[in-house]
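Q: This is the feature table in Swiss-Prot:
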type     : residues                                                                                           : note
REGION   : 1-226                                                                                              : region 'Pyrophosphorylase'
BINDING  : 8-11, Lys22, Gln73, 78-79, 100-102, Gly137, Glu151, Asn166, Asn224, Arg330, Lys348, Tyr363, Asn374 : UDP-N-acetyl-alpha-D-glucosamine binding site
BINDING  : Asp102, Asn224                                                                                     : Mg(2+) binding site
REGION   : 227-247                                                                                            : region 'Linker'
REGION   : 248-452                                                                                            : region 'N-acetyltransferase'
ACT_SITE : His360                                                                                             : active site, proton acceptor
BINDING  : Ala377, Asn383, Tyr384, Ser402, Ala420, Arg437                                                     : acetyl-CoA binding site
Amino acid sequence: MNFSAVILAAGKGTRMYSNKPKVLHTLAGKPMAKHVIDTCEGLGAKNIHLVYGHGGDQMQAELGQERVTWVLQAEQLGTGHAVNQASPEFSDDEKVLILYGDVPLISTATVENLLDAQPTGGIALLTVVLDNPMGYGRIIRRNGPVIAIVEQKDATEEQKLIKEINTGVMVATGGDLKRWLAALKNENAQGEYYLTDIIAAAHDEGRAVEAVHPVSPIEVEGVNDRAQLARLERAYQAAQAQKLLEQGVMLRDPSRFDLRGSLQCGMDIEIDVNVIIEGNVTLGDNVVIGAGCVLKDCEIDDNTIIRPYSVIEGATVGEKCTVGPFTRLRPGAELCNDAHVGNFVEVKNVRLGEGSKANHLTYLGDAEIGKRVNVGAGVITCNYDGANKFKTIIGDDVFVGSDSQLIAPVTIGNGATIGAGSTVTKDVAENELMISRAKERRIEHWQRPTKK
């Protein structure tokens, strides 16, 4: 579809009581403006013009990688003035879609309907009917067709009774829009250039104005304060949870589940309460996720159990694995099939072989660990000397006793045994027992120190 988009994002957001621009506050882990940008990109917008004002440096630092044209509105003189800053970029014959960076939930379906509804030479306008329209511009109709929009502060008492309100989202042709914007005046209670005045201008020219309703009213709710943002967050999460339930995912309590990215699921998935999904997560068949887990950018294969309060980021977990409770898998962690990682174990940049176990109180970093290895409680791969990192290599069928330190770089051969409490600084051969302990010393009739 041949259209360009303008996203208005210049507002300061005073009621957020924040040092950053309002549209950078996140919903589902993503800046509100990014939600709107993604909607435009999903529909194939030819150009996306982002109109910014306050906090320009922060805006570009956060959204600088996006495919947008940056348009500065140095003075905030109204919505019409804001769109007009981008108007030199409009092609005369293209559709121009106007959206808002603080209205993050607008859907592709609603935008498609709006684009399709634009009459030739006219305007398609997104409206909604509210029980309490206080604060919004009212839609003025004459015998059916829309003829104008009147803002709350300029409305008569009779007009204030109207419940159909303007969302601000609209579509017009670029050439017409440029002409109407250039003719705007600021003769109103706010002293601003209202975008909504182009509706009356179009009507005066005999152009049709087509009103379209959103798929869901929540889509057009804006954010002015943190309470409104929290409300939209819950609405968004409820919708995501409902989709997963309909796809066969068992959410034990849909109201206590947060999806802040994308989730690909197999069959018979079970997710307990207070689980957070971030980035891109893939779950195979029959995966169970315990309460309080955080999963980010990870893949978990079939028949694996993630026990409560585990944090998994940038990791790959094979089939029939058990993780947790209270496990941390960091980027580069790879658990092969039937591996087990237990409570208070941290794993980073490690391949843990098939059937291997590290069940208690262990740090494994920068290591290659073979099959059927048993890593005892309190084992540490000492991978960092204060300047550089080094690798530990452990062969198949190795037993590493509790409270051992493996000082990298070091290699432990297949079938070797490391006695509990050992510090390993040199390579250990296959099937070798390595043990290093200080000689025990005993003092009879020992007297403990007493307080003075």
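Each residue, glycine too, has its Cβ placed from N, Cα and C.
Remember, predicted model here, so these are calculated numbers, not experimental data.
Situate these features within the shown structure.
A: When other Cβ atoms within 10 Å of the Cβ of Leu8 (UDP-N-acetyl-alpha-D-glucosamine binding site) are tallied across all protein chains shown, the result is 28. In the three-state DSSP scheme, Leu8 (UDP-N-acetyl-alpha-D-glucosamine binding site) falls into the strand class.
When Cβ atoms from all protein chains are considered, those within 10 Å of Asp102 (Mg(2+) binding site) total 24, not counting its own. According to DSSP, Asp102 (Mg(2+) binding site) sits in a coil region rather than a helix or strand.
Long-range Cβ contacts of the region 'Linker' (227-247) within its own chain (Cβ-Cβ under 8 Å, at least 6 residues beyond either end) map to 16, 25, 27-28, 32, 104-105, 218, 221, 254-255, 257-259, 263, 265.
For the recorded site, His360 (active site, proton acceptor), the DSSP three-state label reads strand. Within the same chain, the residues at least 6 positions away from His360 (active site, proton acceptor) whose Cβ sits under 8 Å from its Cβ are Gly342, Asn343, Phe344, Val345, Gly376, Ala377, Gly378, listed in sequence order.
There are 22 other Cβ atoms within 10 Å of the Cβ belonging to Asn383 (acetyl-CoA binding site).
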Q: Please work out the number of neighbouring Cβ atoms within 10 Å of the Cβ of Ala377 (acetyl-CoA binding site), leaving out its own Cβ.
A: 18
Q: Write out the long-range same-chain contacts of Arg437 (acetyl-CoA binding site), meaning residues 6 or more apart in sequence whose Cβ is under 8 Å from its Cβ.
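A: Same-chain residues close to Arg437 (acetyl-CoA binding site) (Cβ under 8 Å, separated by 6 or more) are Gly419, Gly421, Ser422.
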Q: If you measure Asn224 (Mg(2+) binding site) to Gly101 (UDP-N-acetyl-alpha-D-glucosamine binding site) at Cα, how many Å is it?
A: 11
Q: Other than its own, how many Cβ atoms are within 10 Å of the Cβ belonging to Asn224 (Mg(2+) binding site)?
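A: The answer is 15 other Cβ atoms.
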Q: Just to verify a number: CA distance, Tyr384 (acetyl-CoA binding site) to Arg330 (UDP-N-acetyl-alpha-D-glucosamine binding site), in angstrom, no decimals.
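A: Between the Cα atoms of Tyr384 (acetyl-CoA binding site) and Arg330 (UDP-N-acetyl-alpha-D-glucosamine binding site), the distance comes to 16 Å.
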Q: Between Leu8 (UDP-N-acetyl-alpha-D-glucosamine binding site) and Asp102 (Mg(2+) binding site), how many Å separate their Cα atoms?
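A: Rounded to a whole number, the Cα-Cα distance is 8 Å.
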Q: Roughly how wide, in whole Å, is the group Ala377, Asn383, Tyr384, Ser402, Ala420, Arg437 that binds acetyl-CoA, by largest Cα to Cα distance?
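A: Those residues reach a largest Cα separation of 23 Å.
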